[in-house]
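Enquirer: Features from TrEMBL:
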- 66-468: domain 'Major facilitator superfamily (MFS) profile' (DOMAIN)
- 95-118: transmembrane segment (TRANSMEM)
- 130-150: transmembrane segment (TRANSMEM)
- 197-216: transmembrane segment (TRANSMEM)
- 222-242: transmembrane segment (TRANSMEM)
- 286-311: transmembrane segment (TRANSMEM)
- 323-343: transmembrane segment (TRANSMEM)
- 355-376: transmembrane segment (TRANSMEM)
- 382-407: transmembrane segment (TRANSMEM)
- 414-439: transmembrane segment (TRANSMEM)
- 445-465: transmembrane segment (TRANSMEM)
- 501-734: domain 'ABC transporter' (DOMAIN)
Amino acid sequence: MTEEDRGVSGDPRSLASAVLAGQTLDGPHDPGTEDGALRDAETALKAAPAPEMTFKQVVSIGGRGTIGLLFGLAVLDSIDNAMFTVFAPDIRESLGIGSSAVAVVGALAGVMVSLGAVPLGSLGDRFRRTFIAGICTLGWAVAAVFLGFVQALWQLVVVRIVAGLGKANEGPIQGSILTDTYPPAGRGRVFGLHRSGLPLGIALGPVLAAVVAVIVPGDHDAWRWAFGALAVPGVLLALGVLRLPEPVRGRFEQEALLGGELPPDPHALPVTLAAAFARLKKIRTFYSVMVALGAFGLCVTTIPIYLSLILEDHFGQSVEARGVIGAMTAIGGLAGAALGGTYSDRLFRRSPAACLYMGSGALAALGIGFGIQAYAPNLATYVVVGMVTSGILFFGLVPLTLVVAAVTPAEFRATAFAVVGLYLALVGGLGGALVTGLAEESWGARTAIAVVAPAASILAGLVLASSAGHLPRDIARAAADLLEERNERLRLARGDEAPLLQVSRLDFSYGPVQVLFDVSLEVRKGETLALLGTNGAGKSTLLRVISGLEYADRGAVRVSGRTVTYADPATRVRLGIVQVPGGRSVYPNLSVSENLLIGGYTLLGDSRDLEERAREVLDRFPILRQRLDQPAGTLSGGEQQMLGLATAMLLRPEILLIDELSLGLSPVMVQEVLSIVEGLKADGVTMVIVEQSVKIALSIADRAVFMEKGQVRFEGPAQELAHRDDLVRAVFLGTGGA
């Protein structure tokens with residue numbers, strides 16, 4: 001039975017339900033496993049299917065102003081790129097620079113679009129996106145005016161860098177705004193309309209260039225007037241965008257899965273760029289999209305400039321003629337974007353993986369088309385091939401945008417769109433300028449294009465197609481994570497006390513190797529939890545994820561009900577999570593006092609408080625007072641462990657994570673360290689301790705968690721674990737590793 005036979009509708013409930021229905025999740029329901037979580041998501045997704053929406057209904061929900069203004073910005077951005085491509089020979093002659101220099105400057109603008117998109121994406125996940133888009137557009141308009149006055153290569157470089165940064169909002173900010181303004185049932189058509197602004201600008205840009213070239217006297221100065229004129233509509237559009245309302249992030253996913261919007265979390269922590277990037281790389285579908293677009297960028301960002309040079313050098317076409325040819329070629333892209341938007345919503349409901357295959361074919365088609373255009377025997381062939389391949393490309397890009405929106409969390413979706421552009425222009429664009437430039441110097445422009453473009457685009461298509469198998473589970477995980485967040489908020493709303501530390505459905509991988517599987521645990525305030533398990537069970541890795549040294553593939557980490565999953569380590573330290581690393585908790589070449597000073601780095605602005613805390617920890621660890629000037633590396637193993645604990649206690653942690661408490665210590669030193677830990681426990685310090693000895697762990701812990709092969713096999717009172725011979729035997733009663 002197909003998804004259509006099941007009566008899949010156009011809203012996100014049914015869309016994701018169709019995806020989940022194709023996923024193999026056999027066996028009985030188990031809410032404690034990942035598959036159980038995915039079934040919970042599927043149940044919610046199927047709960048209230050909605051009918052398909054007409055485009056008029058879609059636009060009525062989000063308003064005409066948003067899509068209209070952002071469409072205008074897309075057209076304007078594309079006109080800017082197209083005119084630079086058409087005027088490349090004239091710019092070369094006016095400034096007296098080489099073809100390679102013009103090509104590199106053209107690629108540099110694209111690189112700056114991507115470089116600027118990354119910080120803008122991070123800002124867009126925190127602040128008002130419509131304000132960011134408006135200010136960026138005003139910056140671009142200023143650069144367009146100054147472009148008309150450049151007289152040297154360095155000035156051209158500076159102005160195009162500013163222009164690129166101004167246009168950097170198109171991917172992360174505008175894409176995120178559209179995603180949260182219009183419902184998923186019509187996103188394909190909305191993105192199709194927005195994307196159609198790109199080929200429309202490509203078509204209009206050469207025409208405008210040709211018109212200006214006819215009106216403005218002078219052989220090679222028309223480009224100066226053309227770019228200055230673009231500033232006027234740029235300012236008008238920017239003012240309109242600044243007046244747009246800010247959409248709620250993740251609104252439609254929340255309504256579809258949860259039946260309504262989650263109220264804003266006043267205690268939500270900002271997602272750092274490093275955390276967002278680390279999390280995005282672990283979404284397999286998204287990572288494949290990044291790599292594929294990086295390879296695709298080798299041909300798409302630079303080669304159009306070389307094709308323009310070929311039109312002049314080999315076909316003898318003037319700027320006016322090149323403008324007409326560019327406009328004719330772009331007609332295919334305009335038609336492709338329109339058809340892609342119309343068809344993508346239905347395609348994504350029927351088979352999200354088909355969207356990846358369509359995008360794969362589109363990427364490969366463009367590179368092959370570029371190669372054919374380079375050796376086109378006549379202009380007619382050149383134009384026809386350009387129209388067809390441009391249409392295929394834009395037809396495939398729209399459903400690819402839906403895939404990115406479906407697998408990325410709403411908290412950092414703007415960053416996701418930015419990262420996609422980064423790989424396209426930075427990895428591919430700058431690399432393409434260098435590779436194609438070297439090839440052009442050695443083989444000539446035609447051969448360089450015929451070799452580089454097909455090879456890069458076919459590789460990109462293969463990488464993209466290879467990710468289709470991961471897409472269903474990536475979408476299901478996004479749905480399950482949203483449900484888990486809703487359930488946690490409901491629990492707190494009922495008045496249930498939040499645990500001091502909560503780990504929920506956590507997955508983690510080192511590269512392709514997954515080491516934590518659906519790990520969940522809770523620690524109450526003042527409790528001591530022993531984390532036990534066999535070698536390689538993932539205990540130390542779990543502590544690293546809790547402390548922020550690693551970022552989870554999936555799941556949540558919370559402190560007193562506050563989500564810290566994407567907070568950086570420094571933020572978690574300020575919130576009270578402090579870790580004592582196993583076997584490397586001191587700086588051996590520094591003295592004891594210097595170790596304490598570095599450990600209290602968050603207190604350096606208050607020397608009096610730091611001195612007071614230092615006295616407290618030295619009172620607790622009197623042996624260290626006698627060793628203040630001694631290098632930490634000369635201390636005994638037990639004394640080094642004490643110094644590690646003292647450094648941690650300097651920060652007065654809410655949650656103390658201790659890795660390998662007794663590793664390498666003599667029995668005498670173990671007892672000394674244990675007495676200190678028992679003192680901390682008596683003082684009400686909450687601790688999670690990884691310990692290699694079951695006997696030691698059970699003597700100090702209130703509860704125990706036993707892990708094996710990255711999964712929790714037991715969680716309960718510590719003394720209850722002592723009666724589980726099957727688990728206790730696994731760690732050899734104290735001889736097993738941690």
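Using the three backbone atoms N, Cα and C, a Cβ is placed for every residue, glycine included.
Note that this is a predicted model, so its numbers are computed, not measured.
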Enquirer: Quick one: find which recorded stretch in 95-118, 130-150, 222-242, 323-343, 382-407 has the most Cβ pairs under 8 Å with the transmembrane segment (197-216).
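Expert: By Cβ pairs under 8 Å, 323-343 leads among 95-118, 130-150, 222-242, 323-343, 382-407.
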Enquirer: Short question: which residues 6 or more past the ends of the transmembrane segment (323-343) have a Cβ under 8 Å from it?
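Expert: Same-chain contacts beyond the ends: 82, 85-86, 188-193, 195-196, 198-200, 202-210, 213, 308, 311, 317, 379, 382-383, 386-399.
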Enquirer: For the transmembrane segment (382-407) against the transmembrane segment (222-242), do we get 3 or more Cβ-Cβ pairs below 8 Å once near-sequence pairs (under 6 apart) are dropped?
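Expert: Since fewer than 3 Cβ pairs under 8 Å link them, the transmembrane segment (382-407) and the transmembrane segment (222-242) do not come into contact.
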Enquirer: Same chain, outside the transmembrane segment (95-118) by at least 6, Cβ under 8 Å from its Cβ: which residues?
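Expert: Result: 81, 84-85, 88-89, 150-153, 156-157, 160-161, 163-165, 167-172, 273, 301-302, 305-306, 309, 415, 417-419, 421-426, 429-430, 432-433, 436-437, 440-441.
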Enquirer: Please give the sequence-distant neighbours of the transmembrane segment (286-311): residues at least 6 beyond its ends with Cβ less than 8 Å from one of its Cβ atoms.
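Expert: Here the qualifying positions are 85-86, 88-89, 99, 102-103, 106-107, 110, 280, 317, 321-322, 325-326, 360, 363, 366-367, 370, 373-374, 382, 400, 403-404, 407-408, 416, 419-420, 423-429, 431-433, 435-437, 440, 445-446, 448-449, 452-453, 456-457, 459-461, 463-464, 466-467, 470, 474.
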Enquirer: Take every residue in the domain 'Major facilitator superfamily (MFS) profile' (66-468), average their pLDDT values, and give the whole-number result.
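Expert: Looking only at the domain 'Major facilitator superfamily (MFS) profile' (66-468), pLDDT averages out to 82.
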